[in-house]
Structure formats: C-alpha cells, structure tokens
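A.B. asks: This is the structure I want to talk about, given as structure tokens.
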Amino acid sequence: MNTPEDSTLGREVAYPSGYDPSLLFPIPRAAGRQAIGLTGELPFIGRDRWHAYELSWLDAQGKPCVATATLHVPCDSPSLIESKSLKLYLNSLNATRFNSAEAVRTRIATDLSTRAGADVAVEFGLPPIDAVGEGESIDALDVSIDDYGPPNAAYLCARAQPAVEEVLTSALLKSNCPVTGQPDWASVTLHYRGAPIDREGLLRYLVSFRDHAEFHEQCVERIFNDVLTQCAPQWLVVEARYTRRGGLDINPLRSSASVPTPLSIFRDLRQ
C-alpha cells in the first residue's frame with residue numbers, strides 16, 4: 001500500500017522528458033479516514049476540485065499549446081492523488097504530441113481515473129475569481145487564541161436557539177504537509193442549517209489546525225466530521241480553497257447528501 005512517505009514529496013526529482021502516467025502517485029484514503037474515526041459508510045459526499053494553471057503539450061505539427069484545466073476527483077474514490085506527482089505527470093505532457101485538445105483531455109481523465117480508482121472529470125478552463133465570495137467572515141472576532149494544535153473539536157458547539165441557515169467563512173485556515181512540513185493556506189466555507197454554531201468556538205477550532213500536519217483532503221473531512229458531531233446541523237457543507245503550489249491548487253468539498261442550495265463554484269482571490 002502506498003504511503004505519503006513513499007511519494008516524491010520532499011525529494012529532488014528530475015522533470016520527465018516524456019509522457020509518463022506512472023508518475024501519478026495514489027494514496028489510499030482509508031488510513032487518513034481511520035485517523036479521523038471515519039469507518040464504514042461515509043457521512044458525506046463530495047469531490048476534490050483541482051485547478052491546473054500550467055498545462056502544455058505539442059500539437060500534431062509540434063507547436064506548443066497551453067491551457068488551464070479543472071479536475072474533479074470524487075471523494076468516494078479509493079485513493080487521492082498526491083499533488084507533486086500530479087504536477088510531474090502534467091509536466092510529462094509538455095513534449096508529447098496530440099492530434100487535438102480533446103485527445104489531451106481524454107488522456108488526462110483516463111490516467112487520473114485509473115490511479116484514483118474512480119471516474120475523474122476533466123474540463124479545460126477555470127472557475128471565475130470572486131473577490132467577495134459567499135457568506136459572513138468570522139475572522140474579525142475579538143478573541144484571544146493560544147492553541148494552535150492539534151485540532152480541538154471541544155471548541156465547537158451550537159447555541160440553544162432556533163435553527164438558522166447561514167454561510168460562515170474564514171481565511172485563517174493553515175495546516176502543514178505531513179511529509180515536508182510546508183505550510184498549506186486556505187480559505188474555508190461552512191454552509192449549514194441548524195442551531196447557530198458558536199462563532200468564537202468555530203474560529204478557535206479552525207486556528208487549532210495551524211501546527212497540524214495532514215493532507216488538504218483529510219483536513220476538510222476532519223472539519224466536516226467534527227462540526228457534524230459537535231454541532232449536529234440538519235445538513236452541512238464544508239469547502240476549503242487552498243492557495244496555489246507548483247501550478248496547482250486543490251479545493252476539497254464535503255457535503256451532506258441532501259443540500260437544497262449548493263455553494264457557488266469560484267476561485268478565491270488568493271488563488
């Protein structure tokens with residue numbers, strides 16, 4: 001079984017000179033979910049939406065083509081795709097000839113689906129940037145914080161008040177790569193219906209990820225599971241928009257099965 005330590009993270013590697021799908025490094029999701037306490041049927045649906053900013057190949061005549069792309073990896077795939085391996089794989093297309101852009105899109109979708117173990121959708125282009133976004137930020141709350149990890153779900157609670165539907169946001173989410181220790185920065189959005197979540201507690205909880213080492217996808221699943229357990233909303237959506245690294249950014253989303261108004265798809269200003 002592949003582990004993060006077996007990947008190319010934190011290692012010097014030569015950039016590929018030709019197309020090589022074996023560069024893609026799948027990591028089983030099961031181990032990370034067991035660490036969160038997720039066993040059996042998942043309490044969420046969702047996807048990992050990747051934005052690729054540095055995509056290039058050669059046309060049939062050898063002339064370079066450039067594009068951007070959006071990749072959708074379903075969260076029920078057996079494996080996630082490690083980010084550095086995805087970067088190296090996409091770079092392996094740089095000197096490869098294709099008869100059409102559609103042939104490139106199909107090849108990427110096929111290779112990613114094979115490694116993830118589920119159908120991965122690929123489309124050219126990126127969602128628009130939204131400088132404002134949805135919801136109400138909790139970052140200006142006047143709170144004292146001295147806990148930066150590990151994530152502490154005890155901060156989360158819901159007030160004994162009538163149910164509301166609201167969207168809360170924070171740009172203060174930071175965690176760290178579990179292999180290299182590099183910081184991962186993100187804006188996070190919570191959309192829910194239920195008793196009002198205590199905002200100061202939510203902010204303290206999100207900041208308690210600051211020294212935590214975990215992959216992006218696992219952080220979002222941990223947030224979803226902790227909020228669901230501690231606050232018991234009727235339904236919940238959690239999405240994190242991580243900043244770009246190596247020409248890629250990732251946007252994991254986890255959602256209850258029945259959500260009447262899904263979140264808009266956009267890129268954060270920091271992306």
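Glycine is treated like the rest: Cβ placed from N, Cα and C.
For CYS177, the entry in Swiss-Prot reads active site, thioimide intermediate, with the evidence type sequence analysis. For ASP184, the entry in Swiss-Prot reads active site, proton donor. According to Swiss-Prot, the feature substrate binding site maps to ILE81, GLU82, SER83, HIS216, GLU217. Annotated NADPH binding site per Swiss-Prot: SER83, LYS84, ARG245, GLY246, in sequence order.
Mind running through what each feature is packed against?
C.D. replies: Reduced to three states, the DSSP call for ASP184 (active site, proton donor) is strand.
There are 22 other CB atoms within 10 A of the CB of GLU82 (substrate binding site), with all protein chains counted.
Mapped onto three states, the DSSP output places GLY246 (NADPH binding site) in coil.
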A.B. asks: Quick one: which of these recorded positions, SER83, CYS177, ARG245, have their CA within 10 A of ASP184 (active site, proton donor)?
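C.D. replies: Qualifying among SER83, CYS177, ARG245: CYS177, ARG245.
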A.B. asks: For the recorded substrate site formed by ILE81, GLU82, SER83, HIS216, GLU217, name the remaining residues of the chain with Cβ within 8 Å of the site's Cβ center, in chain order.
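C.D. replies: Neighbours found: ILE27, ASP48, LEU80, LEU86, PHE215, ILE250.
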A.B. asks: Distance check, please: Cα of GLY246 (NADPH binding site) against Cα of SER83 (substrate binding site), rounded to an integer number of angstrom.
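C.D. replies: Counting only the Cα atoms, the answer is 9 Å.
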A.B. asks: Let me make sure I understand the structure: which of the recorded positions listed (ILE81, CYS177) has the fewest other Cβ atoms within 10 A of its Cβ?
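C.D. replies: Sparsest of the recorded positions ILE81, CYS177 by Cβ contacts within 10 Å: CYS177.
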A.B. asks: Kindly assign GLU82 (substrate binding site) to one of the three DSSP-derived states: helix, strand or coil.
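C.D. replies: SS state of GLU82 (substrate binding site) = coil.
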